[in-house]
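Record features, source Swiss-Prot:
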ACT_SITE  HIS299  active site, proton acceptor
BINDING   ARG19, HIS83, ARG143, THR177  2-oxoglutarate binding site
BINDING   GLU20, HIS205, HIS207  Mg(2+) binding site
DOMAIN    11-266  domain 'Pyruvate carboxyltransferase'
Amino acid sequence: MLPKKKLHMKVGILDSTLREGEQTPGVVFTTDQRVEIAKALSDIGVQMIEAGHPAVSPDIYEGIRRIIKLKREGVIKSEIVAHSRAVKRDIEVGAEIEADRIAIFYGISDTHLKAKHHTTRDEALRSIAETVSYAKSHGVKVRFTAEDATRADYQYLLEVIKTVRDAGADRVSIADTVGVLYPSRTRELFKDLTSRFPDIEFDIHAHNDLGMAVANVLAAAEGGATIIHTTLNGLGERVGIAPLQVVAAALKYHFGIEVVDLKKLSEVASLVEKYSGIALPPNFPITGDYAFVHKAGVHVAGVLNDPKTYEFLPPETFGRSRDYVIDKYTGKHAVKDRFDRLGVKLTDSEIDQVLAKIKSNPNVRFYRDVDLLELAESVTGRILKPRPPENIMALISVKCDSNVYTTSVTRRIVLIEGVREVMEISGDYDILVKVEAKDSTELNQIIESIRAVKGVKSTLTSLILKKM
């Protein structure tokens, strides 16, 4: 095994789900959702939260204001960053809202200077210096983002960094705005910048246009970057930026450091998936449904003997669990293990017969536990009773009386022990309740408690068979 690498600097995360992430086409967060996401990011230990651009719209302003209020009350621990153009009014809004830091961005490549800013290099330097100084005069910390830095003239980039340092910025974000960096170049870039400007700390903001965002932020950290920009689920303009869950896992594996609470990554990723409306593909690293699911018979046999054969870290590291698929690729080890889990004892001959039936139906995508039991019963001629499930999770659909205010029912259901999440929904039912129970007896008690709530007309319970 290759030895773990060591970073020379301490590295932290700036998560930009609320700013960069909301720039994903079709994504809009409500004010309440912004606050909930910010609290979740703080809870997992994100060092900085880029809460948005307060001058863009009243709802973003209000969301950032509420997030900052929670910071002042000690509920949120992360540093709160407000995004800003190099415009005095934007800076005034960021200062007025009392953000911990104002992040001023300005495109510094010749393409940006000409096509977007309609200015010259010298005029841009004067404008940048003026706005950074103006922000600093308001008593806030200042980060300057060199937008499109990786396509800018390098000597001009150095001039820009010197200018913003002299004007009072203590951090500079190097933005690979169109995702054209590659890792070895990234490492060299940050090594050079950190050696030239030891009094400045550098961020890396890497877009994923060529699929190298995660590799580039790791290389930047090796080169001396102290803050890595991420979004949950890799949201952002076009194809997004480095995903928080993948960056955190890579830092753990390659450098042995935990920048956030890894066990809570799936939970916050699901929260953003729900609020953004952007579903993760099942094969997404770390938090995708298939991230720790094995299929090929040789793979499953190896994992059953020693999970390290096909897992770089245990899924429990990330609050996940491993599983495997039963289909035509399955071997005897997997079939035997699945029946052992169900508490059903079969002879070797019976397992071989079940496996033969599985392989004789090559177009079946996967076999559920109930399907396997039916196959086993057809082989053995016996009625098989699986072990009663433990640690049951279920979804309970609730229909309310027509003359009842649904929210009043929801508020009572939330208070029932064992209820984990309550959602008001459209369709034949009014409320969806996610519950967790240690056994079937406790589940029945929860169901009866829900049915006893005034205004509940009927319920329908569905057991959660598998959680990826």
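Cβ coordinates are placed from backbone N, Cα and C, and glycine is handled just like the others.
This view paints the features noted in Swiss-Prot onto the structure.
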{"residue": "ARG19", "record": "2-oxoglutarate binding site", "CB count, 10 Å": "24"}
{"residue": "GLU20", "record": "Mg(2+) binding site", "CB count, 10 Å": "23"}
{"residue": "HIS83", "record": "2-oxoglutarate binding site", "CB count, 10 Å": "26"}
{"residue": "ARG143", "record": "2-oxoglutarate binding site", "CB count, 10 Å": "26"}
{"residue": "THR177", "record": "2-oxoglutarate binding site", "CB count, 10 Å": "23"}
{"residue": "HIS205", "record": "Mg(2+) binding site", "CB count, 10 Å": "30"}
{"residue": "HIS207", "record": "Mg(2+) binding site", "CB count, 10 Å": "25"}
{"residue": "HIS299", "record": "active site, proton acceptor", "CB count, 10 Å": "16"}
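DSSP assigns HIS299 (active site, proton acceptor) to a helical segment in the three-state reduction. Across the structure, ARG19 (2-oxoglutarate binding site) and HIS205 (Mg(2+) binding site) are spaced 13 Å apart at their Cα atoms. Within 8 Å of the Cβ centroid of the 2-oxoglutarate site, not counting the listed residues ARG19, HIS83, ARG143, THR177, the chain contributes SER16, GLU20, GLU50, VAL81, ALA103, PHE105, THR145, SER173, ALA175, HIS205, HIS229. Spanning the residues ARG19, HIS83, ARG143, THR177 that the record associates with binding 2-oxoglutarate, the maximal Cα-Cα distance equals 17 Å. Sequence-ordered, the extra residues of this chain that approach the Mg(2+) site, with Cβ no more than 8 Å from the Cβ center of GLU20, HIS205, HIS207, are SER16, ALA175, ASP176, THR177, ALA206, HIS229, THR231, GLY236, GLU237, GLY240, ILE241, ALA242.
The domain 'Pyruvate carboxyltransferase' (11-266) scores a mean pLDDT of 98 in the predicted structure.
Taking GLU20, HIS205, HIS207, HIS299 as the recorded positions under consideration, the smallest Cα distance to HIS83 (2-oxoglutarate binding site) is found for GLU20. Among the recorded positions ARG143, THR177, HIS299, the ones whose Cα is located within 10 Å of the Cα of HIS207 (Mg(2+) binding site) are THR177. Reported as a whole number, the C-alpha separation between the residue listed as 'active site, proton acceptor' and HIS205 (Mg(2+) binding site) equals 37 Å.
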